[in-house]
Amino acid sequence: MSRKEASETIGLALSGGGSRAIAFHLGCLRALHDLGVLEKVDVISTVSGGSVVGALYATHEGSFEQFEEKTRDFLSAGLVGPSVKKAFTSLEGLNAFICAMFLLSVNIFLLMFAVVIRGLSLVLPGLRLQALGKVRAPLKRYASRTTILRRALDDDIFGGKKFRDLPKNGPLFIANAADLRTGSAFYFSNRDSGSWRLGRVCDDGLKVAHGVAASAAYPLLLPALDETLAFEKPDGTRREERVTLTDGGVYDNLGLAPLWPDRDPSISLNAQKVDTIICCRAGYGLRFDSPNQFIFARMASAFTTIHDRAQNFATKRLFDLRSSGQLKAFAMPYLGMKDRADFSDGEGFVSREDVFGYPTDFSAMSDAWIEKLSRRGEQLTHRLVNEHLPHLCVKDEFVH
């Protein structure tokens, strides 16, 4: 069978991982394109770096070769340089500086106020302190490094395109972010944007750069997007809510949450039953880091540990769903997977060791790293899709 079954719905998940993920996923997409699978995908769910390359693909209207060239140019330039340039050449940078200084002053005042009140409470035991717990972020952070990133993406990469502008005959595209106020996933898509907690965003003019910036706002480096949006609940009621949106990897770094086959469409947004999943994972797997002695290193390591545990749980769930029959099949090209003997028997194979150690950031990437990471994604995807999803492949060749 060279075509998917009429009732078969294919979901493609592109994980987070900064520019490393973009390069790896570029190779995965190239392999899926060569195998004739990419055009059959119904849903593309993305996180962080995966959202960047996924949005580049979703918004591109030319050939795959043109899309690949644009993505390689993006990787060569990175996001750090263009964002710094935008900070010094646009009002967004000035607004971010003014906002940061003002909020710093307000927070210093609130800290001093809290210290005085707590000091008084030692002298006056009856003084109530419950109100102090409510004194948090009284003012919105209307501009920040993340809004500068959004501006750079909008001006230089996506050209002002909105989610409603995505091709009607293309796949459902979902950029995953996380709302820190509700602790839930927040989806940006060409169908519905919002979350199950707050409802659907009423504004159909959300820009692609907005969703990608929120999805890629790694919390240890970038502030959350702090904004007020109008939402509509399933019962038709509308209200405005303040949201603080951060990197979707905080909630689900693999981008699998929108693809689980047991989601309830009466509760969840963009619920579309998926029975075949291709999950491209751009992480390295098992870690053995140096001992941590200082608070920032400890917090980063703790964050990564929780991250890794959640991804491992999601991977196990894929196996469980396939065993129970809720999924027909799945394939997971994994950057850090152990190299199998039958995979590495060809000349030019890129091994796990060849691509180990690239950091999670959006700095400019050298051509050598772009080639290695994308080549590994392409080789693993060819082999694993042929092995686990052979009925989808128009071609069954391996890439060496």
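Each Cβ is built from the backbone N, Cα and C atoms, and glycine gets one as well.
Automatic prediction, not curation, is the source of TrEMBL annotations.
On a predicted model such as this, the values are computed, not experimentally measured, just so you know.
Cβ neighbour count for SER48 (active site, nucleophile): 31 (other Cβ atoms within 10 Å of its Cβ, all protein chains included). The active site, nucleophile annotation in TrEMBL covers SER48.
Remark: ASP247 (active site, proton acceptor) has GLY16, VAL47, SER48, ALA177, ALA178, SER215, ALA216, ALA217, TYR218, PRO219, LEU222 as non-local neighbours, by Cβ distance under 8 Å and separation of at least 6 in sequence. Reduced to three states, the DSSP call for ASP247 (active site, proton acceptor) is strand. Summarising the annotation, TrEMBL assigns active site, proton acceptor to ASP247.
Annotation source TrEMBL lists domain 'PNPLA' at 13-260.
Per TrEMBL, the feature transmembrane segment maps to 94-117.
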Next item on the list: Give me the mean pLDDT over the domain 'PNPLA' (13-260), rounded to a whole number.
Entry: 91
